[in-house]
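What Swiss-Prot lists as substrate binding site is ARG12, LYS13, SER101, MET102, ARG103, GLN165, and the listing cites sequence analysis. Under the heading FMN binding site, Swiss-Prot lists SER70, SER71, MET72, THR73, SER101, ASN130, LYS197, GLY289, ILE290, ARG291, ALA310, GLN311. Positions annotated as Mg(2+) binding site by Swiss-Prot: GLU166.
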Amino acid sequence: MQETSATITAERKHSHVDVCLNRPVCFDGQDTGLDAWRFEHNAAPEIDFAEIDLTAEFLGHAIGMPLMISSMTGGYGDALALNRTLAEAAERFRIPLGVGSMRQALEGNSHRESFSIVRSSAPSVPIFANIGAPEVAAGLSREQLSTLVELIEADGLIVHLNPAQELFQPEGSTNFRGFLDRLHDITATINVPVIAKEVGCGISAPLASKLADAGVKAIDVAGAGGISWQKVEECRYLDRFGNEERFSPSALDEFLNWGIPTAECLTGIAALKEKSPEYGSLAVISSGGIRNGLDVAKSIALGADIAASAQHLLKALRAGTLEETIRTWANDLRAAMFLTGSATTAQLKHAPIYRKP
């Protein structure tokens, strides 16, 4: 029974990557909102472009630039090579890496190496384990979660919140009752920091405060504007069941594009942290449609500590341009810092940025 469950999960993980790489699954009803913001130009930056420092700190770890390779994959055969390449890039650029959902590793042993490969390939950078909110709500034990952390020698645990994805997923788990209480139990007992992450619909400031109260140390907003996991699962549903309708046609488009834009998540949480000092230490990751280093720079100025990307970097990996893409993004970021007079990423946090009229 366990191996059957593990096989089903592995097949789903493979399907997810295939759909994300080959089907039109990005939001088309709204964007990240980052394009609505512009930096104030500094015509006398008083810094040397060659000396701009991209290094940053995240959850106590020094990193090479404020970018994370976001949670994408693992738990099936082909994922081993993908995760090895992603981890090697993370190590080369000294940036964090999150693995995809590790549910399959709890269901069977067949593809555990697709996860464990990341630590052997990236021995010195922060790596984060990953499990879903439905599994947490269902009562995963501290021991089970510790097993996932130990498997990849993780520096933290990502708990992904994905109600819209689960709603659309043919095999979805839609019982989230008791999640916040279970989350609090986990953060109080597990020996690594916990990150709460959406998968593309965003996290509001009120929810961020509840998650922080439950003990999470960081929020990955994963806002609307990048991949719509509703669209990913709708593709899989239609492939399996044809055009059998689940939702009213007049409502479906809004559901497929449901979510809070990334920039709106960032500004909301920044306002929360400014208003309520008890949330001041909450780290923030900007993800959901991050396309380049300028998006990273805007994210930092809008309140994020780092940004993260999944699909863009996975597509670059497939094209053989992963490291070139990361270098280009670093140069984008450096250019934005130069033109705002920000010699460090800490200074970039205070760079003037305005909503376009």
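Numbers here mean position along the shown chain, with the first residue as 1.
Note that Cβ sites are derived from N, Cα and C of the backbone, with glycine treated the same way.
Swiss-Prot feature annotations superimposed on the structure.
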residue	record	DSSP (3 states)
ARG12	substrate binding site	helix
SER70	FMN binding site	coil
SER101	substrate binding site	coil
GLN165	substrate binding site	helix
LYS197	FMN binding site	strand
ILE290	FMN binding site	coil
ALA310	FMN binding site	coil
*Which of ARG12, ARG103, all binding-site residues, has a Cβ with the fewest other Cβ atoms inside 10 Å*: ARG12
*Could you state the whole-number distance in Å separating the C-alpha atoms of SER70 (FMN binding site) and GLN165 (substrate binding site)?*
17
*Between any two of SER70, SER71, MET72, THR73, SER101, ASN130, LYS197, GLY289, ILE290, ARG291, ALA310, GLN311, the residues recorded as binding FMN, what is the biggest Cα to Cα distance in Å?*
23
_Distance, ILE290 (FMN binding site) to MET102 (substrate binding site) (CA atoms, angstrom)_ = 24
*About how far apart, in whole Å, are the alpha carbons (Cα) of GLU166 (Mg(2+) binding site) and LYS197 (FMN binding site)?*
15
_SER101 (substrate binding site) and MET72 (FMN binding site), distance between Cα atoms, whole Å_ = 8
*Looking at the binding-site residues MET72, MET102, ILE290, ALA310, which sits with the largest number of other Cβ atoms within 10 Å of its Cβ?*
ILE290
